Each structure stands twice: as structure tokens, then as C-alpha cells.
Amino acid sequence: MKMLLIILSLFYMVSCINSISLWPPSPGYYPSKKFRSVSFWRGYRNLWGPQHQKLYQNALTIWLDRTSGSGFKSTRPFRSGYFGTSIKLQQGYTAGVITTFYLSNNEAHPGHHDEVDMEFLGTTFGKPYVLQTNVYIRGSGDGNIIGREMKFHLWFDPTKGFHHYAIFWSPKEIVFLVDDIPIRRYQRKSDATFPLRPMWAYGSIWDASSWATEDGKYKADYRYQPFVGQFTNFKAGGCSAYSSLSCRPVSVSPYRSGGLTRKQYSVMRWVQRHYMFYDYCKDHKTNPSLTPECWLRGRR
């Protein structure tokens, strides 16, 4: 019995060490601290499902049940900028449910729009959430959807507390960040593969049972409703569509011209090695002619 306890103790210590070793290194730069938080009503408004939204002390709760989901939208469109919010996800069975924070111009260009997504794909008991990042350029919704998904697991439990998720979009690049750690960089390698028209920032929760969890294997089960997403610490800074042409794009690194530092880039690659499990550029079922950014020179 004593030997069994020793073995269990050693196993626990090794597990703790492994958990610590799989936490990302410091990125060395923290862009979220460079942008002020704004109150929800100053920067956003309800888009749909107002009866499924509740705002308390600048923390917005939105939920999905059998009758409806809910969504919100920034009050202004932007040409570029940093867009972030802290999110806490629901525990338990959330299969088929998507909680999102994203940029889009779908309402301005229906059927031919641009979109930059951070989507949290719901899950079943005991399995982790999936963070799916995606970029659409001029065409989603018209029957010619070309997705550019990269999927990640997270190094923490996103249901235990708030974590900050952000999208940085400039005329040169898009960077996805989690707690100031860059996890993906999408460069402008051609005008045809990069969103250049103004977009709004959005958040929502909705039923995507047809595809969200293990390609639609598990559906939303409304015995567990309501499904809740909590948002706070809203940040939006950059050049709005109404700014003068002299407005200079912001940056997520110390470099005013954009790009990542060597340390930020190294941490991003570290996260991709340890937590990314799908990269559209490495999916042999996709048509490479539709995603030329995968083989054009330059880092993604």
C-alpha cells in the first residue's frame, strides 16, 4: 500500500511538471495593455436576440436556448485595428454550440463578404473546447466557400475564468492572440487572399449542430440549456472607416511598421507545435489553387 502511494505521488508530480512545461513561454510584449477598455454600450450594440442578453457592470452575458441565440456588433466599421474581449465559456455539454468573436462585413456585402473568425466549438463531457480561427475573403455564402481554418486546443480550461482573445488586422497582416500570445499570423501575400474592405466586430452564440462538434456527430442537446457565453473587457482601437486616410494602423509588437518580434514569433510557433491540430494548408483534401497563400513565399 505504501509503495502504491509513492507511485501515485510520483505520477502526480510528473503530471504537474508536464502541465507546467506545456504552458507557453512569455511573448515579451503585451499589446492588450496598450488599448483602453470601453464600455459595451459605447463600442457595441445588440444585433439580434435582445431577450437573450444581459449586461451587468460592463460584463455581457448572452445565451442560447430552444427559442434563440444572441449577437452583438460594434457601432463603427473599421479599416484596421486591434479588437479584443475577455470571454468565459460554459462548462459541461455544449456540443453543437458556437461562441464567437469575429470581424465581418456580411451585412454590407451579403453573399460576397470578408470575415475573420475566432470560434469556440462546443464539446461533450470530458473533452476540451476547440478554438477555430478562420479567414474568408470575398465569397462566403455564395456557394463557393473557401475556408482557411487553423484549429487549436488551449493550454488552460476556458470555462474556469475569463481569458483575453483578440484579432489584430492591419493592411499587412492578421494576428490572432490568446492572453497576448500570438497563435496565428496570416499575411497579406496578395490582394486576392486578404480582406481589405471595412469590417465590424461581432460576438454571438448560436446553434451550429450540423458541423460544429466533430463534423456534426454531436448535436446541441437542449436538456442542458441555456448555453451561456460571458464577455467583458471590450477593446477596439484602430482606424475606423470614417478616419482620415492619414490614420496610421496600430501594431501588436513594438514595431510601428507591424510584424512580430523574434520572441513573439518563437512563442507562436511553440503554440502551434503543441496545441494546433489542424492546418488547412496541410490538408491534402483541399485544392491548393484556391489557397495560394499556402505556397506563396512568406510566413503564415
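Backbone N, Cα and C atoms are what each Cβ position is placed from, and that goes for glycine too.
Copied over from TrEMBL, here are the features:
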{"type": "ACT_SITE", "residues": "Glu115", "note": "active site, nucleophile"}
{"type": "ACT_SITE", "residues": "Glu119", "note": "active site, proton donor"}
{"type": "DOMAIN", "residues": "19-231", "note": "domain 'GH16'"}
{"type": "SIGNAL", "residues": "1-19", "note": "signal peptide"}
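The predicted model assigns the domain 'GH16' (19-231) a mean pLDDT of 94. The Cβ of Glu119 (active site, proton donor) has Ile98, Thr99, Thr100, Tyr102, Leu131, Gln132, Thr133, Asn134 as same-chain neighbours under 8 Å, each 6 or more residues away in sequence.
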